[in-house]
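Per TrEMBL, transmembrane segment is recorded for 7-27, 33-59, 66-85, 91-112, 117-136, 156-178, 209-229, 289-308.
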Amino acid sequence: MYKIHHYFLFGVLVPFISLVSLFTIFSSDFLTLTTWASILASASDIGIIVLGVTLLLIGGEFDLSVGANFALSGLLFGSLTLLGINSFLALTIALAIGACIGLINAACTVFFKIPSFIVTLGSMLILRSLILLYTQGLPVSVEDTNGVMQVLAGELSQNLLSSFIWWFAIGFYLIYLLNWTKLGNHIVATGNNCDSAYLSGINTIRVKFFCFVCCGIIAAFSGVTQFSHLNSLSPIAGEQYELYAIAATVIGGTSLKGGQGSIISTLLATLLLSTVDTGIVQIGVSTYWYRSFIGLILIFAMTINVYLRKSDS
């Protein structure tokens, strides 16, 4: 049987240590606190979204609308704040919108039997169009940072934001959920084989709705934290986040077929991508190569994944 901790060691941890060692050799500044604060801040930007995508993939479904959800929720939060609405209420409304997006995706997938890949691709395109219509292509910005924005994305130290704490808090909650709760067992069982899970008495419809809604709320929360950090957000914010989120999830060892995955591996995989992003800049390599590096890491991760599955079986 495939063991995720084997993959964590050979598919994530060894590449991570190898890359850190490589960047350290070529850049004397790589192991400084400033550099790692920047890496952690960068990782937490997309890392929150990655956690939601991981949960949903373990449950056996996709969500390609997370980037658009991220942008819409962040822009909505900023717009409501500009109108003078209480920032906590604005946050609640933004998260509710994210939940509704997840709810609609779940309903179309579960009740109409449309593959979630198609459903969420369609919702991504619809949301992107609505964002541009609403903003007319212009960014939403605020001048003053309120209390909620400080809590969500204030600076803990130089370059390190409180969004890093939120990233780890959500990660540890999902670790607990998937490993030590009945619902977590149901999510894994549903992702492994939905029909078998249903026949064993699991309410698979409720499980899928839960995963979609959680993914939607997490994406919305990530958008709000990003707006809180920048005091501004562009209508094109979050574009391709869905692809990077899936890449990080797969590099972390989560099966695209569902039922298998590790939040800890996902956290480290996200940190790995952020390390590459920062490291290639420090050693003087053009940032245009970043996607190529991610592609190579993704292919390497899948090769290790397939090999370990075959050897364990």
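Every residue, even glycine, has its Cβ placed from backbone N, Cα and C.
Keep in mind the model is a prediction, meaning the values are calculated, not measured.
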For the transmembrane segment (33-59), sequence-distant contacts whose Cβ falls under 8 Å of one of its Cβ atoms, 6 or more beyond its ends:
66-67, 70, 157-161, 163-164, 166-167, 170-171, 174, 177-178, 187-188, 190-191, 207-208, 211-212, 214-219, 221-222, 225-226, 241-242, 244-246, 248-249, 252, 254-256, 258-261, 263, 266-267, 269-271, 273-275, 277-278, 282
Considering only the recorded stretches 91-112, 209-229, 289-308, state which has the highest number of Cβ pairs under 8 Å to the transmembrane segment (7-27).
289-308
Beyond the flanks of the transmembrane segment (117-136) by 6 or more, those residues with Cβ under 8 Å of it:
62-65, 67-69, 71-72, 75, 101, 104-105, 108-109, 235, 242
Looking only at residues six or more beyond either end of the transmembrane segment (66-85), which have a C-beta under 8 A from one in the stretch?
49, 52-53, 91, 93-95, 97-98, 101-102, 123-124, 127-128, 130-131, 134-135, 140-142, 146, 149, 215-216, 219-224, 226-228, 232-242, 245
